[in-house]
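S.K.: Not my notes, these are from TrEMBL:
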type: DOMAIN; residues: B:50-80; note: domain '4Fe-4S ferredoxin-type'
type: TRANSMEM; residues: B:110-133; note: transmembrane segment
type: TRANSMEM; residues: B:153-176; note: transmembrane segment
type: TRANSMEM; residues: B:234-253; note: transmembrane segment
type: TRANSMEM; residues: B:265-287; note: transmembrane segment
type: TRANSMEM; residues: B:307-324; note: transmembrane segment
type: TRANSMEM; residues: B:330-350; note: transmembrane segment
């Protein structure tokens, strides 16, 4: 029998597998996806939020524990667990040497991402390069890896993991029978449920307009996170945490693919212009704060609009001042033409833009600070970077909510144990998105998903190895 | 934009594909640390024909960005920068070949090199037979000038080399005019950029992966093998070139006639260089066969392999000629060696050989751009 079974194949799963193997356990990793899609959402990530008290290779200045904690507290509105959050923060300061040992390379912040030069360490080549490095290291260390192997069920006996059940399946025309895989201990790191349309529908329900908002959500993350295992664990009575509607959700280009749109589908010009809904009306302060601090709320804002669609409108003054979008925007010489192109009610749209333009108070525009360009006398106000949209050509980008990952997960503690009726399991652990909700009850701050996945992946792997040797998790 | 064309040139399929992918990459930028292509990309919002050819020649086909790409197939975006850049590079070589008609020699380049080699080999074998009567005569001291007098060789090789070097120069100058805007050409201090580009080319900086562990070959693991074998090939070639240059000086300045003893400067340079030019191409050929099928343009493998084999054969026959120069095998070895060298000279502007020159021009431009950006920031 194998010592440690890892279910999942992304960052958290790989960290767990590598740690368990380093602790001397025999390890089998089951990845639901084919090899070319391996790595779950980790293949779309780009950096790790890191605590550090002094400059460290690619990280400038310092980002002390307390500041990291305050940032987390702020974005989650207190929906976090201080003990676990601080554990993640401290781990983030020391895990990078270990990551390098397993082949991960870091690079200076990307152009257009200098605002996180202090807080975030970027992976050279992004998350897929990291995932590749971990898989190479895992193979090198003798970890068994199986692709196309989704786990549908878990056998639990008195709070202990017994076996994982893989249903019979067809892979590239080859039939594989159902399997029952036993192990001495197990780590669950199989991601959230963002790609399960039915579950999203159930969680988001029907709104007052009779719409099912989630039907219009695009998924930025992996198509393989269907939450099968998460649902099964909840049915088996594992303690849960989080709200099923909470997720990392940003406003992305409406033309993005349904799944795996990743980073390039984001629209970064919101704070440089205005955003209207399909009725041609503004609905939120586009200049509330720096875009990197606000992008994560716009997914929900758009989700609340009729038809779950928004339109980011800029003029030629904004061109070149934001990360270039992947698809070209609609372009027109007049606002009327732009309204027609975007299918917006012409009169309301033009009226909205006129009243916005008239409300812009003169100021000195500076996109690098919270400047004094604000509107006066309209609602909602635009409190920074408000300049009249008056210089053709005008551009419009249609926006949809884009879900990266969901926060509903399994409740855990500092040992990463899965809990049943508030009792920790002795040999079943959880890491990554399946438990990120313990730390991240709502909101988001760049790179913290990877911090959580790395910290808890490593803890879960070590403890699963200890448990397989009949020793107490630490 | 080039002053001579006010119209924006239309993009062909290969160029359009680079344009499409660059829009995706520019919105992602994860690969910035790997090489010079992505930092150059971030300085643009749009990519015209000249930009696309510049970026394509800046790409070293290391493969790192393909393996790291979240948008590579089976993703519907189907991003494969090494492949689409390689396709455009072939277009560069074809478009800028001089005389223009000869650009078509790139379309079936394996055949081009094979036919050139066959013709050149045939020529020297026949000439040897005509002059010598047979291919196997032992000549005292291995004096090959008894078969082909020095002046005959100088005339034949000098004129072909001169033409090919000129053709190559014209091509690269035309390329440079197309990709470098006027203000860059007039930049006050091109020396720094030139030195930086030279260093990047001579060290193959962009085959180090940005982290020093090398580029990709058969899979997502990094390897320094390609960089090392390329170094052996290039420096081996340069040592052979140096050997010939020193011998020319010996001949004209010092009045010393070949053949030179083994422990002379030209022969020692030739032996060391020849070994490099034997091991280097052998390694590169092996790596080429092991190469991940998604790297670069499969249709160009004959061009790559034919050129590698030609270099290998030049070196092999050169070393054999040296080894057998005092035996009856000398005339045959001489004819073979001269044949391969002639084939190489003939095809210099119409073979993979040209890649280094276009690459250097692109590197030079990238360092000019970086200096300009630095200046504008400070």
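Yeah, the Cβs are placed from backbone N, Cα and C, and that goes for glycine too.
Automatic, uncurated: that is what TrEMBL annotation is.
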S.K.: Among B:110-133, B:153-176, B:265-287, B:330-350, point out the range having the most Cβ pairs under 8 angstroms from the transmembrane segment (B:307-324).
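M.R.: Answer, by Cβ pair count: B:265-287.
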S.K.: Can you say which of B:153-176, B:234-253, B:265-287, B:330-350 has the most Cβ pairs under 8 Å with the transmembrane segment (B:110-133)?
M.R.: B:330-350
S.K.: When each of B:153-176, B:234-253, B:330-350 is checked against the transmembrane segment (B:265-287) for Cβ pairs under 8 Å, which one has the most?
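M.R.: By Cβ pairs under 8 Å, B:234-253 leads among B:153-176, B:234-253, B:330-350.
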S.K.: Sort out the residues at least 6 away from either end of the transmembrane segment (B:234-253), same chain, that have Cβ-Cβ distances under 8 Å to it, and list them.
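M.R.: Distal contacts: 150, 260, 265-267, 269-270, 272-280, 311, 314-315, 318, 356.
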S.K.: Can you tell me how the residues of the domain '4Fe-4S ferredoxin-type' (B:50-80) break down into helix, strand and coil by DSSP?
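M.R.: Split by secondary structure, the domain '4Fe-4S ferredoxin-type' (B:50-80) comes out as 13 helix, 0 strand, 18 coil.
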S.K.: For the domain '4Fe-4S ferredoxin-type' (B:50-80), would you mind checking the mean pLDDT of the predicted model?
M.R.: 98
